[in-house]
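Contents: one structure, followed by commentary.
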Amino acid sequence: MSKIPRSFRLLEELEKGEKGFGPESCSYGLANSDDISMTNWNGTILGPPHSNHENRIYSLAIECGPNYPDEPPKVRFISKINLPCVDDKTGKVIVDKFHTLRDWKRSYTMQTLLLDLRKEMATAANKKLVQPKEDATF
Amino acid sequence: MASLPKRIIKETERLVSDPVPGITATPHEDNLRYFQVTIEGPAGSPYENGIFDLELYLPDEYPMEAPKVRFLTKIYHPNIDRLGRICLDILKTNWSPALQIRTVLLSIQALLASPNPNDPLANDVAEDWIKNEQGAKNKAREWTELYAHKKN
């Protein structure tokens, strides 16, 4: 397999996001539709069922730097959430505490990231964590 | 990296030894399927005297699949959107393995010379182009001044 350059990878991800091929539980799109560098993205995660996140919609900011996808994006929750891998002051997802970022692979996408965060919310250890009131932001 | 197909090596060599006037295409050293491209705006078009940066990538399936190409320089053109994506039939449904990097880049240069607002990608630009062609061309000229490199 040859290495698809950053921008064409991001265009593929954008088209996938726009066409809605992605799973219904997550979505993402460009934060600014004329950002030719395609750096800043918005993501949402629908809280998983049978957890304290059920029916909540979480907003995230995703930053794909110049070395994406060789390096993972920077991810920050905008909606307040109580999760061990999320910094409780800034909302940043802590790389060392979240396996998808820590063991990032080039084949991972923003969809991988959002779905894995959603799984993280639903683990036995995390699903019953007390959550801040809905609609609060970092 | 996997070895490069002979066809790509040949095309690359010819782009260097027999370049197309007004067009350059240079592969990146660390990814020989990924080219840095420049295209000069055609004379007589609103893009005249501007040099536009593009990037081109040959996917694994090339030449059975078309190259992927995008403008890196902002450009006001009805068939090129705000992210630099190009609406050109040969890059999509009308691709044929008989076409080459060279022919693709020539077609993009021709698209700069004759925009096609009836098959738009950037709808707002196309509407402007149809309603007020002179105004749209002036804006395209302004953007060329603002964003493209200057031809010496």
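The count begins at 1 with the first shown residue.
Yeah, the Cβs are placed from backbone N, Cα and C, and that goes for glycine too.
TrEMBL labels come from automatic prediction, so no person has curated them.
Database features, via TrEMBL:
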DOMAIN    B:3-149  domain 'UBC core'
ACT_SITE  B:CYS87  active site, glycyl thioester intermediate
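Just so you know, the Cβ of B:CYS87 (active site, glycyl thioester intermediate) picks up 18 other Cβ atoms within 10 Å once every protein chain is counted. When pLDDT is averaged over the domain 'UBC core' (B:3-149), the result is 94. Under DSSP, residues within the domain 'UBC core' (B:3-149) fall into helix, strand and coil as 52 helix, 33 strand, 62 coil.
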